[in-house]
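Have a look at the structure below, then the notes.
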Amino acid sequence: MKVSKPSQEAYQNELNIESVERSFILSASSATEREQWLEAIAKAIDDYTKKKTTFISSRSQDEPDMVPDIGAPLGSKAPIWIPDLRATMCMMCTCEFTLTWRRHHCRACGKACSTNKFYLEYLKNQPARVCDHCFTKLQENSDRCASTSVSPIGKSGAFSFSRKQKKIPAALKEVSANTENSSMSGYLNRAKASKKQWKRLWFVIKDKVLYTYAASEDVAALESQPLLGFFLREEKCGPAQRLQFKLYHKNTLFYIFKADDIPTAQRWIEAFQEAMILEE
């Protein structure tokens, strides 16, 4: 078993708990409380591991291993499922989820995905839904170890034949919502210049480009906008206005953004301003 913090700053109150038979996300009421839980759980795991090492000879052969299994084979332990609200599309083919095209989770990697099935070790070799990527990888592993009891049930053609994929420009699939090494990422409320209705979206600034997503785990962006040539105007009249900043291009207002708090708004403003400068 192991405990860790999410890589994305937007989920600073959460903890990831991973073990062989079950993995899940815990959410604390604040970042401070999260750190306290992280320390307490990590200490409990460490204490258990030390005791287990001391009394290794008396351990039952059927007891799940609590020691972190680094590099565990795919399908040998439970993944953390991507929460439903963090993915609006299939994380493999980018088809949008609807009432008739419902999301399902891959029991191997946790992504929202397809209708393939494969026998998984941590489920005691019972069949479970897996995504296209994991199905292929598990099948390759099975072919290399022909004598193993783990084998595929069969591959559904749902993605190829029963659902027409939405054509998405390649530029919108270059960067996923949870990409690493971005200048800034997180949720903001946005209103268009011509409309004052706010919409909560996930934004990523990477390589001086602003990417917009419907949710934080989507693999394709709704929009991408290079920020060179744009500039910001901040609102500093009062506490509520200080949460907002406006994006302009040649004195034309494009968008109004609103953060959840003043420190977050300031970090976004700094990230935008840095992305608007052409480096020599």
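Glycine too: its Cβ is placed from the backbone N, Cα and C atoms.
Database features (TrEMBL):
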{"type": "DOMAIN", "residues": "1-46", "note": "domain 'PH'"}
{"type": "DOMAIN", "residues": "84-139", "note": "domain 'FYVE-type'"}
{"type": "DOMAIN", "residues": "181-277", "note": "domain 'PH'"}
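Helix, strand and coil residue tallies for the domain 'PH' (1-46), in that order: 19 helix, 12 strand, 15 coil [DSSP].
Across the range of the domain 'FYVE-type' (84-139), the DSSP-based residue counts are 14 helix, 14 strand, 28 coil. On the 0 to 100 pLDDT scale, the model's mean across the domain 'PH' (181-277) is 91.
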